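In what follows, a structure is listed as structure tokens, so that the remarks can point back to it.
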Amino acid sequence: MTSSPSPETRPADPSPVVGIVMGSDSDWPVMEAAAQALAEFEIPYEVDVVSAHRMPREMIAYGEEAAERGLKAIIAGAGGAAHLPGMLASVTPLPVIGVPVPLKYLDGMDSLLSIVQMPAGVPVATVSVGGARNAGLLAARILATQDAELMGRMREFQQELNDQATEKGKRLRSKVTTPNGFGFGGAK
Ligand SMILES: Nc1c(C(=O)O)ncn1[C@@H]1O[C@H](COP(=O)(O)O)[C@@H](O)[C@H]1O
């Protein structure tokens, strides 16, 4: 049986390079998928609640200090009147990825429109409603532009997606008989 290393021998946690922030802890069930994607690529991240509406001064400080603290990208999720991603983008030079979080009413359309319609000059890369996993993957791609090893792992990940989709096609073709037997994946 292997035992985990004692605290003295355990390597120190690497400094986070991606900040995952959200307007409330109630966003975490959606935002967790961003953290999961980063963990799969072994990218160190931090998570916090930073609300533009409820804690404006702290939110500005977070955005202003993010680059100096060593973060390379920020993923910001919020629901409803989601001003957090845009306000962070206005005070940091880092890339900001916005995640519209769907709430009980309006199915996330309110959040999507709040995040995506940024004025020229202040970009927020907006993923789909609830698309936190893609936000994590996009942050990984941004980091991979400066990290050949990470770029290699992203290529492997894409190949796995391809393999899975190819397998899905095979399964479907084996279940459905088409009149001419044609299948994109080379079914004869
Ligand atoms: N959209 C924002 C901001 C902001 O943009 O600054 N701060 C909180 N919120 C959102 O309010 C919703 C309800 O929050 P509570 O569950 O705490 O009442 C959350 O989805 C949060 O992201």
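Heads up, the Cβ atoms here are built off N, Cα and C, so glycines get one too.
Curation does not apply to TrEMBL; its annotations are automatic.
The substrate binding site feature in TrEMBL is assigned to Ser24, Asp27, Arg54. DSSP classifies Arg54 (substrate binding site) as coil under the three-state reduction. Taking Cβ-Cβ distances under 8 Å and a sequence gap of 6 or more within the same chain, the neighbours of Arg54 (substrate binding site) are Gly23.
The domain 'PurE' annotation in TrEMBL covers 16-165.
Here TrEMBL flags 165-188 as region 'Disordered'.
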Checklist entry - Residues near the substrate site, Ser24, Asp27, Arg54 excluded, by Cβ within 8 Å of the Cβ center? => result Met22, Gly23, Asp25, Ser26, Val49, Ser51, Ala78, Gly79
Next on the checklist: With the substrate site defined by the record as Ser24, Asp27, Arg54, how many Å span the farthest pair of C-alpha atoms?
Outcome noted: 15
Checklist outcome for this item: In DSSP terms, the domain 'PurE' (16-165) comprises 77 helix, 25 strand, 48 coil
Item to check | Other CB atoms within 10 A, centred on Ser24 (substrate binding site) | outcome: 16
